[in-house]
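A.B. asks: In case it's useful when we look at the structure, here is the feature table from Swiss-Prot:
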| type | residues | note |
| --- | --- | --- |
| DOMAIN | 134-332 | domain 'ATP-grasp' |
| BINDING | 161-216 | ATP binding site |
| BINDING | Asp288, Glu300 | Mg(2+) 1 binding site |
| BINDING | Glu300, Asn302 | Mg(2+) 2 binding site |
Amino acid sequence: MEFCVLFGGASFEHEISIVSAIALKEALKGRIKYFIFLDENHHFYLIEESNMHSKYFAQIKEKKLPPLILTCNGLLKNSFLGAKIIELPLVINLVHGGDGEDGKLASLLEFYRIAFIGPGIEASVLSYNKYLTKLYAKDLGVKALDHVLLNEKNRANALNLIGFNFPFIIKPSNAGSSLGVSVVKEEKELIYALDGAFEYSKEILIEPFIQGVKEYNLAGCKIKKDFCFSYVEEPNKQEFLDFKQKYLDFSRNKAPKANLSNALEEQLKENFKKLYNDLFDGALIRCDFFVIENEVYLNEINPIPGSLANYLFDDFKTTLENLAQSLPKTPKIQIKNSYLLQIQKNK
């Protein structure tokens, strides 16, 4: 089976998406037919596999390529010999953050009837906004930490709105990859932390920070009626897993497996199933959990995890191919114009 990897995007996580695509090239050797790059101006470019390395993008060489036009079932490439349709194999949406995870690309791909692996429109909207994610989890009976939602209008009253003691953690509501996230240990650190978070989002979440909390990551997808899970990862971290720890450490290809009981692993999987069904059908996602006093809490849902979390699976290729065979199908609406014909007939 062949794939097309779509990456880039107008997002704070643009470069992370490039790194993910390069990593996926290695994980799916020989299976990726096309690499389609989406730049910050929403132009699509076809990137040769030989150019899928950091130096190429650091030098912005893709700007010399002819842009492509998205159309039904593929991409349109103009040349001196006329327009040519590039028919796309199954697309993997690997655009992190804005464009890829907020629903824009899901809408575009669905509109043009281009099959893809990734979160659909509703799943994107709910998981991209951390506040909505908490409401969604609560409705499903999945626990989440207490929180306060701040915006520019009420930020001046932040200390009065926060109902828990220092330290607490501040994070943008609409950003991933630990961008804009900071731990506030005392009042004098608050303004700087708020300024940093508001650079990435119009709304921010504030949660109690619990020192030494156990954190577990679990990736997976649903293939037909059965779930396929990765192994459980316990990230090596200091206070929290920051941007550098997530993306600038290339010293290992595999994440550390968690040492946990069978009972706890089963709890994580049951919570994952609640969050996945049926909203995320067709996507491979990662759920990040906290365990506090033997209770499982959702930290966040990552609808397009970095490098598609391939490093957490023992057989990633087979998992992805099986998922590709069980994507949800949207029924095509047949337009018969029977109502209009009846009106015309009665005239």
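Just so it is clear, glycine is given a Cβ too, placed from its N, Cα and C backbone atoms.
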A.B. asks: Averaging the per-residue pLDDT over the domain 'ATP-grasp' (134-332), what integer do you get?
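C.D. replies: The answer is 90, the mean pLDDT of the model over that range.
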A.B. asks: Between Asp288 (Mg(2+) 1 binding site) and Asn302 (Mg(2+) 2 binding site), how many Å separate their Cα atoms?
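C.D. replies: Roughly 8 Å, rounded to the nearest whole number.
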A.B. asks: Hey, how far is Gly196 (ATP binding site) from Glu300 (Mg(2+) 1 binding site), Cα to Cα, in Å?
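C.D. replies: Roughly 20 Å, rounded to the nearest whole number.
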A.B. asks: Please report the three-state DSSP label of Leu161 (ATP binding site).
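C.D. replies: Reduced to three states, the DSSP call for Leu161 (ATP binding site) is helix.
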